[in-house]
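Note sheet for the following structure.
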């Protein structure tokens, strides 16, 4: 079984410049999900929205081509792809000739689909779109909508996940609201390098205590976990401790190595967020 410790994270790596799908390193979701009480089917829907800003290949005449790639990985996949391996994989396109942008897109879709669905009884596919330079100026920047939790003047003393900080007012009328914080920080599971993000929490149900929620989000500050795992932990902690009727947790992390990863988890099926970067990304 692939584990994060066996990946290229934190290790010196040779950069292949000829296409090599074997560089992709899938990691099972199940182990980390078991830590947060998920055994079998996950109690949420959603996807991991990836943006790759450093993608280049050669056309058949050897001229370099560039694009921005948007990749959508359903959260039902049994694996994630370790991000450094994905960077190395994309770099392997650099000196490889392809007939068209469509061929590159199809190759990425097939390779990533095989990696994340590996071993699944009913494998599916991932979504891949490539944005070419003539469309770059149509890539918007937009901050997450919602009431900013960071306005609250709270004392923060916990820097490992502390779900006991979460509470909801079940003796009051239910509400529907969207809350946002830009203070999310965690660390890479393997290297300990900081990961910075913004998080949006939309829910219906008993009103969540906002001060406690902000303190809870800050408590991830020294926690070592991948982006996808942090968002699933946040979702499960709010779901079990605050017991909302509906819940969506969406985080956008700043890029590293030309990649950003933006997980979305929802209690009910809904249309995926458009993959729009924030100013910090």
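From the backbone N, Cα and C atoms, a Cβ is placed for every residue, glycine too.
What Swiss-Prot records for this protein:
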ACT_SITE  188  active site, thioimide intermediate
ACT_SITE  195  active site, proton donor
BINDING   81, 82, 83, 227, 228  substrate binding site
BINDING   83, 84, 256, 257  NADPH binding site
Recorded positions near residue 83 (substrate binding site) (Cα-Cα within 10 Å), from 195, 256, 257: 256, 257
Recorded positions compared (81, 188) - the one with the fewest other Cβ atoms within 10 Å: 188
Spatial neighbour of residue 188 (active site, thioimide intermediate) that is closest, considering only the binding-site residues 84, 227, 257 and their CA atoms: 227
Alpha-carbon distance [residue 195 (active site, proton donor); residue 256 (NADPH binding site)] in Å: 9
Cα proximity to residue 228 (substrate binding site), best match among recorded positions 84, 195, 257: 195
Recorded positions near residue 227 (substrate binding site) (Cα-Cα within 10 Å), from 84, 195, 257: 195
8 Å Cβ shell about 81, 82, 83, 227, 228 centroid, substrate site members excluded: 27, 48, 80, 86, 226, 261
Per DSSP, three-state class assigned to residue 228 (substrate binding site): helix
Cβ neighbours of residue 82 (substrate binding site) where a neighbour is any other Cβ within 10 Å: 24
